[in-house]
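Undergrad: According to Swiss-Prot, the record shows the following:
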REGION    1-139  region 'Disordered'
COMPBIAS  1-12  compositional bias 'Polar residues'
COMPBIAS  23-55  compositional bias 'Low complexity'
COMPBIAS  65-74  compositional bias 'Basic and acidic residues'
COMPBIAS  79-108  compositional bias 'Acidic residues'
COMPBIAS  122-139  compositional bias 'Basic and acidic residues'
COILED    151-181  coiled coil
COILED    218-243  coiled coil
Amino acid sequence: MSRTSSQNQEIINNKHRLKTSKSSKPSKSSKPSKSSKPSKSSKTSKSSRSSGSKSSRSKTGKTSSRKDKYKEEYSQDQYPDEQEYEQEYEQEYEQEYQDNGEQTEEFVENNQDAYPEDIENDERQTQSNKELDTINKKTKERLKNKINKWMDHDDNIKRLNAKMKAFKDAKKQEEESIIKLIDKFEIGESKMDIRDDNKNLRGRVYKHKSVTKGAIKEDIIRDALMEVVRNERKVAELVKKIESKRPINERYYLKRTKGNN
């Protein structure tokens, strides 16, 4: 009897099921061996992988999904304690936040004056300083020439003052001796005509008396007030008041030194 195609197909399917059932039986070799247990080196690789993942996570932008990524990368076998990886995550986030803040502060501090408008202003200021230097060279040269002329006049005055002092000293000595002779001959304040060798009148000389008052000092004011007020406290207040009313005169002048002072 010839077999039909449907029967042949059924036989083939049965054989296939039989083979599949035999292959699905567990064998001795499929049992987990001791070598499959995680070793210390694998733990080290896990820690190195965790440090690498931490450094890569510090460069991510969004912080909202960071915790979820953290849980995905670390399975429960690596971190069986939920609180442990929570603490690890918080420490990492806090350190990254602090580092970013320090970098931002350092950048602002180092670049706060390096903006384009400030650079442009610096360039303009440099250009104006160069122009001022050119003007100042001419002004300084003119000022230098004037100061040299002033120093020439000062030198002449000092030289003439030295000669004049000698003349003044000699004149004073002669004056004292003449007054002694006038007093000796009792000439008094009579005027005397003085002529030169050619009988030309040079001038009229006589003894003259002049009276001047000295400067009003604080002691004089205090003594005068005490004669009237007779109260030391009030006198002190009045003297202080008078002193404050004195006018103050200011003037500017050139002072010359030897150059070392």
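Note that Cβ sites are derived from N, Cα and C of the backbone, with glycine treated the same way.
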Undergrad: Six or more residues beyond either end and a Cβ under 8 Å away: which residues meet both conditions relative to the coiled coil (151-181)?
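TA: Same-chain residues near the coiled coil (151-181) but 6 or more away: 207, 256.
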Undergrad: Note the mean pLDDT of the coiled coil (151-181), expressed as a whole number.
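TA: Reported value for the coiled coil (151-181) is a mean pLDDT of 96.
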